Amino acid sequence: MALSWKHHALIQALLSRGPMTENDFYSVFSGISGKDPATHRQVLNDTLLKINKELAYVQFELRACQNQYDGKVYYGVVNNVADEQAKLGTKYSVPQIAFYKGVIEAIVQDTATGGCISSIDALHVQLESQQSSQDGQPRVPAAFKTFTMSQKEKTLNDLIKDQWLCYTSNGKIGLGIRSFFDLRSWFHNNVIPSCEVCNEAGVKASVCSNEGCTVRIHYYCLKKKFPQRKGSRDCPGCSSPWPQSEFEEVDYTDLPDQTQATSTNPASRKRSRNIKAEAVEALRSQSETQKEDSSRPATRRRLRSCKTESVGTENETSQSTVPPNIRTRRSNRA
């Protein structure tokens with residue numbers, strides 16, 4: 001069965017705006033479907049299942065992903081092709097893609113599992129570790145050798161703006177929410193240790209105090225693994241006591257959303273505030289048109305045939321005949 005216009009509207013909202021926080025996505029879903037996903041969970045699940053059956057033909061997927069820096073859930077459309085060049089698309093040049101790959105490799109290889117590097121380290125990232133898939137030799141694009149520092153700075157800002165990278169709460173460079181969405185297979189292929197609880201790559205995670213143990217757990221997964229404050233908190237891998245300092249309460253409410261913090265464009269910051277209004281507008285546009293047509297008297301329709309007379313009388317006629325809620329909408333729009 002083909003997708004309805006509601007399914008297409010939901011997909012288009014995610015494609016045009018990029019990853020949305022769970023609250024924003026729920027607002028769009030509610031505006032389009034008329035159902036609150038918080039209380040109609042099955043409706044949401046059925047909708048996502050139907051969409052993903054169709055997107056699978058083009059190797060895309062609509063799914064949720066948890067941001068490892070702020071603990072929030074995001075929804076987005078994911079490219080399932082395991083190629084960072086395909087994911088970045090044609091917007092970025094070959095040296096820019098090589099630069100991005102060098103930065104994410106430096107971030108995931110952070111031995112402290114902080115999931116971030118300084119801006120200076122990002123700008124001076126080395127690409128010699130990038131291997132060719134054919135002969136195993138270092139693959140550094142020739143164009144990158146002439147890639148200037150100013151070009152790197154611009155590329156870094158663009159990657160942050162497009163949410164491939166982000167600024168963390170301590171001002172360092174981390175992976176953006178789009179990287180968490182699209183690079184799942186890349187994390188697996190590069191043997192990035194996964195979280196013991198959710199099985200996602202543990203880029204920013206708490207690690208076992210035993211140096212010989214590789215177990216790591218996301219900070220927001222610690223409460224799931226050890227729900228009791230006074231219960232046993234031993235490593236599931238080596239049974240060593242988990243570091244007590246890692247269980248300090250973490251409050252994510254004061255951290256900015258990446259959809260706001262990663263962009264300096266005022267228009268993009270306003271975007272999230274208009275999400276629900278735009279979604280509802282799409283649903284109501286047809287009914288509003290019919291309502292306006294039915295509320296206008298026959299005299300106003302006759303005025304349209306006479307342009308000179310209509311210009312002088314249209315405002316007076318509309319104010320006396322159009323319902324107050326429509327007059328208010330127009331005055332606000334003006």
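Numbering starts at 1 and runs along the chain as displayed.
Every residue gets a Cβ built from N, Cα and C, even glycine.
In TrEMBL, annotation is done automatically, which means it is predicted and not curated.
Taken from TrEMBL, the feature compositional bias 'Polar residues' applies to 256-267 (among others).
The compositional bias 'Polar residues' annotation in TrEMBL covers 308-323 (among others).
Residues belonging to the domain 'Non-structural maintenance of chromosomes element 1 RING C4HC3-type' (195-238) score a mean pLDDT of 85 in the model. Here TrEMBL flags 195-238 as domain 'Non-structural maintenance of chromosomes element 1 RING C4HC3-type'.
Per TrEMBL, the feature region 'Disordered' maps to 250-334.
With helix defined as DSSP H, G or I and strand as E or B, the domain 'Non-structural maintenance of chromosomes element 1 RING C4HC3-type' (195-238) counts 7 helix, 7 strand, 30 coil.
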